[in-house]
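Report on one structure; see the data block that follows.
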């Protein structure tokens, strides 16, 4: 049974064009929001552990000067209280509030960002997000108590709520259809680079004798935010939004010609105009996305980010520093775990960019899913046999666990990591696209908050069983992709509706909606 029917290329759809220096420059500036995002994950340490892109436990939350000042209970547990289980050393309510506050703020902000992005443009949301993020960085570097730290996290969350909602939309709308996957996946690559930069900075400032290095780490978050904010001032709006905003077809045509490097853009322009005309009839995107005709997009927008969160990338990255300490790397354990896993992730991100438009989204999802399932089961089995509540672990097994962890991280980084931002943006038609992306980011923030509140306690109680729990979730999500996610590679976003009409399951729902609409139209005509 052919579950995901192949779709024609953009050339077959009548589109022309190539990747021009103009579109590359625009997408680099916008994609730099990923570096901003990654840097925040890297500097916060445990916050990165709780985020699906795969951070590390080597941020400011592992710096003794930072913990002793703001989280003394955790500091004493880390210093080696032998009565505390290896699985429970980070189980602190206050630390959990610190890490989770960002996600609550981001959840609320991304819902507001949908209206801003739809009414004032993608660039406006990027500007707001970057500006608020800069303000948050100032409070972080100047923090003298936990309340200032919480304000720092809340402002950062608001900033990320706006940027994460708008940047994937911007990248997908600016990119030529045949290269949309590669360009959008660049956002995930920038996240990896940002995390790696933060890891190296943390390692350097941790050596400062007076113990104020964490202030440098938190303050420097303003640098990528400033680059993004200043760059966004000069960014063009997307052709889709220009037509949607005021119907200025001439302006959109000139921009589209510059983006595609050709004057043969009439077919793409006509599709954008048609999509914009439909979009103008929609007054309440969040209400409309609940309609039956948008049921496939709503389900995908809800489940893809949810599944992203339950892959188990958090537990993998929690254990990586533990394994490095077991091998014998003490002070540098967190850095080494971050660098090794981040290199694996970065290489996998690059691989994804190269192959995503050639082999498609489904194959990457499925290959990455199988890879993560096997990795979770193997790591859980080794820890069950060799890693107890107290004491260490034989080095040979620690090396084995680290290798498997790298395989897992690579599997995540070329599948669920980048594709979570790509697929939802390209399947939603223009009239619900902003609302759909807000739902994606809101689900990520919501589930991350829940995991942030429960993960450390769950790890403390389930121990190695946590790996098997997440492995089970990866099985479920891989089956879901196989059965219900159609292939979307190289198909223009304005023609994406046809994938649902061809799909063995979704065509029933979409078809019933069309039949009901046609029947209603017939009744209306007969009454007149």
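Cβ from N, Cα, C; glycine included.
TrEMBL annotations: computationally assigned, not manually curated.
Model, not experiment: these values are computed from the prediction.
In TrEMBL, the annotation transmembrane segment applies to 94-114, one of the ranges 94-114, 241-261, 262-282. The range from 332-352, 500-520 that TrEMBL describes as transmembrane segment is residues 332-352. In summary, the transmembrane segment (438-458) lies against the transmembrane segment (94-114): three or more C-beta pairs, each 6 or more positions apart in sequence, are under 8 Å.
Sequence-distant neighbours of the transmembrane segment (213-235) (same chain, 6+ residues past either end, Cβ-Cβ under 8 Å): 26, 29-30, 32-33, 35-36, 39-40, 43, 59-60, 63, 65-66, 123, 126-127, 129-131, 133-134, 136-138, 140-143, 152, 156, 159, 163, 170, 194, 198, 201-202, 204-207. Within the same chain, the transmembrane segment (464-485) packs against the transmembrane segment (364-385): three or more Cβ pairs sit under 8 Å, each pair at least 6 residues apart.
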